[in-house]
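Chemist: Just lifted these from Swiss-Prot, have a look:
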ACT_SITE  Asp78  active site, for polymerase activity
ACT_SITE  Asp80  active site, for polymerase activity
ACT_SITE  His115  active site, for polymerase activity
ACT_SITE  Glu139  active site, for polymerase and primase activities
BINDING   Asp78, Asp80, Ser108, His115  Mg(2+) binding site
BINDING   304-718  DNA binding site
REGION    1-176  region 'Polymerase'
REGION    1-292  region 'Primase'
REGION    404-593  region 'Helicase'
SITE      Arg145  site 'Involved in primer extension'
SITE      Tyr146  site 'Involved in sugar discrimination to select deoxynucleotides'
Amino acid sequence: MIMEIPAIKALSRYAQWVIWKKERDTKIPYNPNNGKKASSTDPLAWGDIDEAQAGLVRYGANGLGFVLTKSDPFVFIDLDHVLDENKRVKCEWARQLLKEIKSYTEISPSGDGLHVVVSGKLPDYIKHKTKFDDGSALEVYESGRYMTITGEVFDGRDDIKELDLSILGEFAEHKIETKNAPVQIESATTLDDEAIIDLMKRKGQWPDAPKDGDDWSSLDMSFANRLAFWCGKDIERMDRIFRQSPLMRQKWDRPTAGSTYGRITLKKACDFVDSVYDPALRNESDCPFEPYNEEGGPRNDKEEKDPLWLYKVLLTKGIEVWFDIKLEKYGIKRNNRVDYIAKSSLQQIVFEIIGKTPKNIAVPTYIGAYEPSKPEKWEEEGIKYINLFKPTPLMKVKPVKEMPEIVKNLLLNLFDYDAKSMGLFINWLAFIYQYKERTGVAWIFMGKQGTGKGLLVDLLKKIFEEHMSSNITDANLDSQFNPYLYNKLIVHLNEVSADNRKSRMLVKNRLKTWITDETLYINRKNMKEVEIKNFCNFIINSNETIPVDIEDSDRRFNVIECNNVLKEQEWWTTESYQEILNNAEGFAKYLAGIKVDRSKVNEVVMSEKKKAIVETTESVLKQIAKALTDRDIEWFLDNGLEGVVEKNIVNDFQWEELQEAITTGVIPNKYLMIIVEQILGDSKTITWIKRNIITPYQVGETTVVKMAGKPIRAIVVG
């Protein structure tokens, strides 16, 4: 298990994970939460390690990745093409480097390279990439890039070590620059040091003495940025003034990477700051940094008059932030997308914008609610809400009456030209598109591969975008976390496996709740459980014979058998796949133009395939009856009975009683109902059990027994 590796545990403390897919010769990072392309500079496109592992399966990615930022301590060293076919290091320079840098090392996805992760500081004179004559290469990064993670530990190096990376400078023969780049000094100021200090104090730019728990390095960097502006990037003057500040300490002169900690900090500030102070221009307002106090906010009257100063700065950048008092997380809306993030992630975003990391961020408080029929913001009973629903571009198109011909061909192929079922599905889909509500009915598409089941999902994904979860598998269903249901109109379950009784029970138990309940309980990693209104509608794709148990009285599922392979159809060409996706807008316009028959939205049809599933499900009743009669406790355990303990339906004492009841053949009614409900996935009354299991299969007869001194009705079997 990858999470058992100490290095991965260390990296997992940071919500900087992505997934990646190999496209041609490039590994492209993707957002693990929505499957869209990610950026190594956008924290909203990342997730925690659990979200990344779930996204890896959900979106069919090739692997995991970790994004390096300025706020984490990690440096990534990539040794490319250094392994032979036996996974031995073949390059002398790489062997020497590995002798010096003993930290977490793993084999790269290609199998011929090594990745080393170190906790440390990369010297600024080290070039990011060095190529060698033998075709190998060395790359080093500490921010603005992502690294692939395989978990294939090399040479037992499974932990991240804190090291002095100035050792990289000893590889000069391998074309790594060891000369410090000249510093560009732009000084327009004629003021002396005391005048600069006085000016900074009056402008609220002078730091206070750090307190216990303060991040000294961040305070150093923030003050150095200000000095770069006020001193015109004159490093000597910046250094003299820094030494007079409350931040000065022994670390400032500590030798680091061929220089000193202080010099490196000042050099970074000069590289970061764009403009400088010029007394002749009186351009004090050009300083890119707000005055700050010990809390990281402005230290002047502005703070008292406008506590939301930082919130407004973010608004000018197209970013709206609020604190959700229900989730206890920060909501952030950017580019018409809403995400919930931790305070640390928000601080990282703020740092990228204003060059400092405030400890406190004053923003409005709301409760985020997904309400398609509500305005962007509203208030009810004194509580302020912000709407998390944002229509996609294809949810705002003008209606038309004709469906694109090629989309019609796809649907006819899927439904085997069954006009009635196809009409019901289109009506169901149009209802979701127009009214954005839960229908209470799910559609199951079964049969051969290559019939267009996945293509239909891809088409709908183009229309609904973030309002649709796709490629949810059994692994997701078996997890305690269910973020894929959060604020979704359509959920696609892919390749649902039901090769055993326990799998079918799991799927049925979950689906029964999700399809019919008015609300859902959402569990996400590192977030409070939250109850939300249920808008979910389900499309299930499966190649299994029985994806889910269905009873004769079922009113939840429509089942379609798909046997027409697309490549065998006369109308299909090599361009048809892309042509169908290109007609997503046309199909959206058609859905917008349909006059929905609300009376048929929940209609289900007993198709031949559904009838076969019902018959198979009914045979399970016989199996339950036989297991009861045989007092076969192992059959019940193999078919998921232990789930009653996991769900806290019974306590440990009751669990022992229940098992004993099965093995002795005297089963109290209350336990019999629990047993049958757990196996079938539906709540059953004792009357139903007698009518459907006991009487037809002659399981036993009703009696009265004493339990804990009290008379209890029971069934005697066997």
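First residue shown is number 1, and so on along the chain.
A Cβ is built for glycine as well, from the same backbone N, Cα and C atoms used for every other residue.
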Chemist: According to DSSP, does Asp80 (active site, for polymerase activity) sit in a helix, a strand, or coil?
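Modeler: Once the DSSP labels are grouped into three classes, Asp80 (active site, for polymerase activity) ends up as strand.
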Chemist: What are the other residues, in sequence order, whose C-beta lies within 8 angstroms of the center of the C-beta atoms of Asp78, Asp80, Ser108, His115 at the Mg(2+) site?
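Modeler: Checked against the 8 Å cutoff, the neighbours are Leu79, Ser110, Gly113, Leu114, Glu139, Thr148.
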Chemist: Given Asp80 (active site, for polymerase activity) and the residue listed as 'active site, for polymerase and primase activities', what distance in Å do their CA atoms have, once rounded to a whole number?
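Modeler: Distance (Cα to Cα, whole Å): 8 Å.
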Chemist: Far apart in sequence but close in space: which same-chain residues, 6 or more away, have a Cβ under 8 Å from Asp78 (active site, for polymerase activity)?
Modeler: Ser108, Gly113, Leu114, His115, Val116, Ala137, Leu138, Glu139, Val140, Tyr141, Met147
Chemist: Limited to the region 'Polymerase' (1-176), I'd like the whole-number average of pLDDT.
Modeler: 85
Chemist: Kindly assign Leu460 (DNA binding site) to one of the three DSSP-derived states: helix, strand or coil.
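Modeler: It is helical.
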Chemist: Between His115, Lys512, which of the recorded positions has the fewest other CB atoms within 10 angstroms in the structure shown?
Modeler: Lys512
Chemist: Taking the Cβ of each of the active-site residues and counting other Cβ atoms inside 10 Å, which one has the highest number: Asp80, Glu139?
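Modeler: Checking each of Asp80, Glu139, the winner is Asp80.
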Chemist: Within 10 Å of its Cβ, which one of these recorded positions (Arg145, Lys408) has the largest number of other Cβ atoms?
Modeler: Arg145
Chemist: Through the lens of DSSP with three states only, how would you label Lys512 (DNA binding site)?
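Modeler: SS state of Lys512 (DNA binding site) = helix.
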Chemist: If we count other C-beta atoms within 10 Å, could you say which of the binding-site residues Asn564, Thr616 has the fewest?
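Modeler: With the binding-site residues Asn564, Thr616, fewest surrounding Cβ atoms within 10 Å: Thr616.
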Chemist: Would you kindly give the Cα-Cα distance separating Arg145 (site 'Involved in primer extension') and Lys408 (DNA binding site), rounded to the nearest Å?
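Modeler: It is 44 Å, counting Cα to Cα.
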Chemist: Near the Cβ of Pro668 (DNA binding site), how many other Cβ atoms are there if near means within 10 Å?
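Modeler: Summing over all protein chains shown, Pro668 (DNA binding site) has 18 other Cβ atoms within 10 Å.
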Chemist: Indicate whether Lys408 (DNA binding site) is helix, strand or coil by DSSP.
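Modeler: Lys408 (DNA binding site) sits in a helix per DSSP.
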Chemist: How many other Cβ atoms are found within 10 Å of the Cβ atom of Leu460 (DNA binding site), counting all protein chains shown?
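Modeler: Its Cβ shell of radius 10 Å holds 24 other Cβ atoms.
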Chemist: Hey, does DSSP put Glu139 (active site, for polymerase and primase activities) in a helix, a strand, or just coil?
Modeler: strand
Chemist: How many other Cβ atoms sit within 10 Å of the Cβ of Ser108 (Mg(2+) binding site)?
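Modeler: Taking all protein chains shown, Ser108 (Mg(2+) binding site) has 20 Cβ neighbours within 10 Å.
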